[in-house]
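Feature annotations, reproduced from TrEMBL:
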type: SIGNAL; residues: 1-27; note: signal peptide
type: DOMAIN; residues: 32-112; note: domain 'Inhibitor I9'
type: DOMAIN; residues: 137-575; note: domain 'Peptidase S8/S53'
type: ACT_SITE; residues: ASP146; note: active site, charge relay system
type: ACT_SITE; residues: HIS209; note: active site, charge relay system
type: DOMAIN; residues: 381-454; note: domain 'PA'
type: ACT_SITE; residues: SER538; note: active site, charge relay system
type: DOMAIN; residues: 652-747; note: domain 'Subtilisin-like protease fibronectin type-III'
Amino acid sequence: MTTQSRGLLAVVLSLVVLSALLAVSYAQERKNYVVHLEPREDGSADDSVELWHRSFLPEAMPEMAGEDGPRIIYSYSHVLSGFAARLTDEEAEAMRKKEGCIRLYPEEFLPLATTHSPGFLGLHLGNDGFWSRSGFGRGVVIGLLDTGILPSHPSFGDAGMPPPPKKWKGTCEFKAISGGGCNNKIIGARAFGSAAVNATAPPVDDAGHGTHTASTAAGNFVENADVRGNAHGTASGMAPHAHLAIYKVCTRSRCSIMDIIAGLDAAVKDGVDVLSFSIGASPGAPFNYDLVAIATFKAMEHGIFVSSAAGNDGPSAATVGNSAPWMLTVAAGTMDRAIRTTVTLGNGQVFDGESLYQPRNNTAGRQLPLVFPGLNGDPDSRDCSSLVEEEVSGKVVLCESRSLVEHVEQGQTVSAYGGAGMILMNKPAEGYTTFADAHVLPASHVSYAAGSKIASYIKSTPKPTASVTFKGTVMGSSPAPSVAFFSSRGPNKASPGVLKPDITGPGMNILAAWAPGEMHTEFADGVSLSFFMESGTSMSTPHLSGIAAIIKSLHPNWSPAAIKSAIMTSSDVADHAGVPIKDEQYRSASFYTMGAGYVNPSRAVDPGLVYDLHTNDYIAYLCGLGIGDDGVKEITHRRVACGKLKAITEAELNYPSLVVKLLSQPITVHRIVTNVGKANSVYTAVVDMPKNVAVTVHPPMLHFSRVYEKQSFTVTVRWAGQPAVAGVEGNLKWVSDEHVVRSPIVIPPAKGVV
């Protein structure tokens, strides 16, 4: 080969290598986007959707001749007009300029909002109870968007279950699953995106979270359920004979918005009745920029009830997510069951706490040296991130709570340095909320008040001591219910005139099905368990999904808004001792904390009156938000001329609660109620408000002569005394011989006051 030929070959090889490097670089620059398009108006069939979506893709660059150009990941057809694709920055910019493209959303990842509860909520077995009369949710399909499910778990056996309803169109992706798959309980299972990497069994739960939420909503009856002997009893979901449809859209650590929308799209197409969404969302985005709000609007239009997590970002104000009014937004509360541990100090003081780890050969009565590394003021020492073996070995260590998900890790650190036990104390903001965690050593999680007294004792004596004893499951603890500190709070940033959260359900130390082999192994012996305890609005959400299924089973023609109204207006604002429900500081919980109240299923199935809403009502409300015709169209997928219809304010939406921004002038709002009780009924308005607020209801009585008759009324609110800068709360009740239909009234704090 000549020198010239060798030079030419070198140039060619260099170009090939450069081209390959450019292709790799080009591919690496691609990012995932959800592309929101103007809806088609030609009524084309679903099978042409992907072809239409491909028409929006930019042509492949010359360097990408070996590629197909940008690859479509999903084509959405039921809850969003658009698709998900991998695009470079240049392609994304070109896409934005195409006619018919509304907006591109870069891929984001949303967090998971992570037995006794049926009885605590009044759901008891018996031939004459409403739970039995509902068929335990028979015939209703609950769709769960989560981390999948363990189909072989006994909670998902189909004993007593009917076949899937004829309307069901879903599919089952379980293949060659040992010991289980789809049956008459699990009638559908699919996985999406990174959650589908296991090709042999894509919807199988690899985190435990999805199995837990699915069994909470609709797990079948399982006798002798417990966690290492704690919380023993018969486990079941809220709707134990409802069907389950599983949409795995989350891995252990994250949930892609692209996969979430794909799961929602599939659920609507498949024919679910209830959607359970235990996934967090950032608060504050306008609804036309919120893909979950847009997708669930279409679900609502299809008659699907959506139960969603308020989030775990409390107790700070204005942290509530999933706040669109067509969704039920669920806060987390406690029950009256504790997995009790008791701390006894050397001076005789006794403090109750909790721990799921209850060793049989415990140190009952055995006083051990007690230390608090945080006395030196170092934050890392306070939460036991930084320990010295000589300081803690053989001792009980007081540690300040680090975060909602790191309590067990803190105990692991103490154990690794030779600590004999741990007392985990809350931070001030966490108040009295305590967790029954699976610790690796003798431990007790105590309140901030108790922890502060223990710390003071340590300071007061040269040789402090403590013992930790284990009492097991204790029923009847009080106050119960209360609201957990982590439960996200209102006001609703996206729409301050609509009260959020809507309702509180059980979300603390919930025992439900788990995935053996994929479970937490924090217990010292690493024993695999079939049931486990978890806390979060992830746990309260499926409680409400199951309750909605019970109501749907008894009242199949009710709209999602009617079911929501029944849940909210029948809820409790007093705890089991008859005093106002408390928050984590044991103060009376505000409506911004607990929503309308704590769910009461026995009353929700027979609420008397409901506040109903349909698509046109929400359109008038959206027009009133001031997002413009285009903004309303982005949510509703239809052309809207707000100037030609009667827009309404947030306060005028026919919602089961009222938020009134009261200034100097009186404000009057309209409401319409539908009689779902007896044909001949009379309701009288009863108002419970502070003396400085005057509320007039007209007419003061409502007379119904038939079922499903509608009656309208007005509520006028004015200051009767000095305006309250910090805000005011009260209730409007419609009272008959058999029902009390209660709606919260909230006058928000003056701007800047929390």
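Even glycines carry a Cβ here, placed using N, Cα and C.
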Distance from ASP146 (active site, charge relay system) back to HIS209 (active site, charge relay system), taken between C-alpha atoms, in Å: 7
Residue pair ASP146 (active site, charge relay system), SER538 (active site, charge relay system) - Cα distance, angstrom, rounded: 10
Fewest Cβ neighbours within 10 Å, where candidates are the active-site residues ASP146, HIS209, SER538: HIS209
Segment-level pLDDT (mean, integer) for the domain 'PA' (381-454): 92
The domain 'PA' (381-454), counted residue by residue under DSSP: helix, strand, coil: 26 helix, 14 strand, 34 coil
Composition by DSSP (helix, strand, coil) of residues within the domain 'Subtilisin-like protease fibronectin type-III' (652-747): 1 helix, 55 strand, 40 coil
